Amino acid sequence: MLNIVIFGAPGSGKGTQSERIVEKFGINHISTGDVLRAEIKKGTELGKTAKGYIDQGQLLPDELIIDILASTLDSFKESKGVIFDGFPRTIAQAEALKKMLAERGQEVSVMLDLDVPEEELMTRLIKRGQESGRADDNEETIKKRLVVYHSQTAPLIDWYKNEGKYQHIHGLGTMDAIFADIVAAVEKL
């Protein structure tokens, strides 16, 4: 079972590389962002609650995310593994993921950290916002998201290093070059 956590700041290429990993290794993809955006679009209670946090550039409460994740994970019957995109974002979530997988006789295989300089992240996100119309890709919200990332999410790097699961991926360069580094890291497992 190949369970990958793909990690990096907003705009680091997690979604793009996740799609390629899914195709290459035949695993399922759980993007908490995509799941939440679908709930928002449907106008569900969960979606309305999530929208309030997202519009403010805030992280959602752990219980909310973990419930969504457990339900999505259990919907995959015959699976070679999962790539977790956008989760975990806090140490508490990483511990909850470890417990949730252990209850299913699984574990995280590797945490891939897509490392991209902040100036490049800003450029990518502003461009993405202009092209996609995503409300959370405006300059003010981007800056808030990066502050939240550095204060709440970045400590996960040390947590996964201590777990022996951390793999640094240089996130600048062509999509193909970055993907080649990812494949090399995964195939070493």
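Using N, Cα and C of the backbone, Cβ positions are placed for all residues, glycine too.
What Swiss-Prot lists as ATP binding site is G11, S12, G13, K14, G15, T16, R128, G173. Look at Swiss-Prot and you will find 31-60 tagged as region 'NMP'. The feature AMP binding site is assigned by Swiss-Prot to T32, R37, Q58, L59, L60, G86, F87, P88, R89, Q93, R134, R145, with sequence analysis given as support. Residues or ranges marked as region 'LID' by Swiss-Prot on the basis of sequence analysis: 127-137.
Structure coloured by features recorded in Swiss-Prot.
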{"residue": "G11", "record": "ATP binding site", "DSSP class": "coil"}
{"residue": "T16", "record": "ATP binding site", "DSSP class": "helix"}
{"residue": "T32", "record": "AMP binding site", "DSSP class": "helix"}
{"residue": "L60", "record": "AMP binding site", "DSSP class": "coil"}
{"residue": "F87", "record": "AMP binding site", "DSSP class": "coil"}
{"residue": "R128", "record": "ATP binding site", "DSSP class": "helix"}
{"residue": "G173", "record": "ATP binding site", "DSSP class": "coil"}
PLDDT averaged over every residue in the region 'LID' (127-137):
74
Quick one, of the binding-site residues S12, T16, which Cβ has the fewest other Cβ within 10 Å?
T16
Taking each of the binding-site residues G11, G13, G15, G173 in turn and counting other Cβ atoms within 10 Å of its Cβ, which one has the fewest?
G173
Among G11, T16, R128, G173, these being the binding-site residues, pick the one whose CA is nearest to that of Q58 (AMP binding site).
G11
Counting only residues 6 or more past its boundaries, what in the same chain has a CB within less than 8 Å of a CB in the region 'NMP' (31-60)?
15, 18, 68-69, 72, 85-87, 89-90, 135-136, 141, 144-145, 148, 152-153
If you measure every Cα to Cα pair among G11, S12, G13, K14, G15, T16, R128, G173, the residues listed for ATP, what is the largest value in Å?
17
Can you grab the distance from F87 (AMP binding site) over to T16 (ATP binding site)? Cα atoms, rounded to a whole Å.
16
Between the binding-site residues T32, Q58, L60, F87, R89, whose Cβ has more other Cβ atoms within 10 Å than any of the rest?
F87
May I ask which of the binding-site residues T32, L60, R89 is closest to R128 (ATP binding site) if we compare their C-alpha atoms?
T32
Taking the Cβ of K14 (ATP binding site) as the reference point, list residues of the same chain whose Cβ is under 8 angstroms away and which are at least six residues distant in sequence.
I6, F7, G8, D85, G86, L114
